[in-house]
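Q: Let me begin by handing over the structure; questions about it come next.
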Amino acid sequence: SSWRFTFYLIAFIAGMAVIVDVSIFPPRTPLVPPAPLTPLSPPPIPQKPWFYDLREVWKGYPIQSMLPSQYWYYMIELSFYWSLLFSIASDVKRKDFKEQIIHHVATIILISFSWFANYIRAGTLIMALHDSSDYLLEVGVSPSRLSPRSLSCASSPAHPSAPQSAKMFNYAGWRNTCNNIFIVFAAVFIITRLVILPFWIMHCTVFYPLDLYPAFFGYYFFNFMMVVLQSLHIFWAYLIIRMAQKFITGKVVEDERSDREETDNSEEEEEVAKNGPLSNGHPVLNNNHRKTD
């Protein structure tokens, strides 16, 4: 959890630096000093206007220049998701194991396709939006009323998305901090994945391109993969809301992705370790001892 938290936090900061103007002034030659600003001076020209105006995402498409920061942001994110796809086989398998595989594959396809189709501006917006909640996932998303089994499970290295039981503040025993971060994570996740992504970003990728060029295969393919990703967001949001509901009502909270059968098997193993073998739920007596005179 610690290394994933570090990566997600750095990725979020880097993503914001990639899509937000670091310098909003146009470049000037060294020999010409910049003119002083006055109340009548024109407003500065943003160098990355697509962050403020989503129609700018498609301005000049498909001939759009790529900044070095966008290149490295893409390479780092793509490498990370490949590592998640390869490492998930050795992680604890939960109910959403198939959804995790679908998510990683869809994310890799979206990043790769947006790179080849020069959807760089839209791709950086989507990646930064996802990174905005992932570091909260790793730092402490876990209500305090967790079962011992859920505390012992290693979290799955998912992108985004599903709430995970054992996290950094939970390991440290900071239960109140962990609970507060859970509420913040749930709010950020729902706002970014269920509001901003479908009603701003997907609206930008579905409707705005048609004003500039006719739809082609890449247009349909990209938006289809976005629908797949959004479907997974809705699934994980449902699990988060269930956890939040149990947390607020004071019920015992377990990771909604945990497998009940897996939990029962763990409890049975603990009973065997304490009381010996069980038969129909009762200890098996050892009748093979030697008789004594």
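These residue numbers are counts, starting from 1, taken along the chain as shown.
Glycine too: its Cβ is placed from the backbone N, Cα and C atoms.
Automated prediction, rather than curation, is the source of TrEMBL annotations.
Pasting the feature list from TrEMBL:
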type	residues	note
DOMAIN	1-249	domain 'TLC'
TRANSMEM	6-25	transmembrane segment
TRANSMEM	101-120	transmembrane segment
TRANSMEM	181-201	transmembrane segment
TRANSMEM	221-241	transmembrane segment
REGION	254-293	region 'Disordered'
COMPBIAS	261-271	compositional bias 'Acidic residues'
Q: Cβ under 8 Å to the transmembrane segment (221-241), counting only same-chain residues 6 or more beyond its ends: which ones?
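A: Distal contacts: 96, 99, 102-103, 106-107, 109-110, 113-114, 117, 119, 126, 160-163, 185-186, 189-190, 193-194, 197-198, 202, 205-206, 256-257.
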Q: Averaged over the domain 'TLC' (1-249), what pLDDT does the prediction give?
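A: Result for the domain 'TLC' (1-249): average pLDDT 78.
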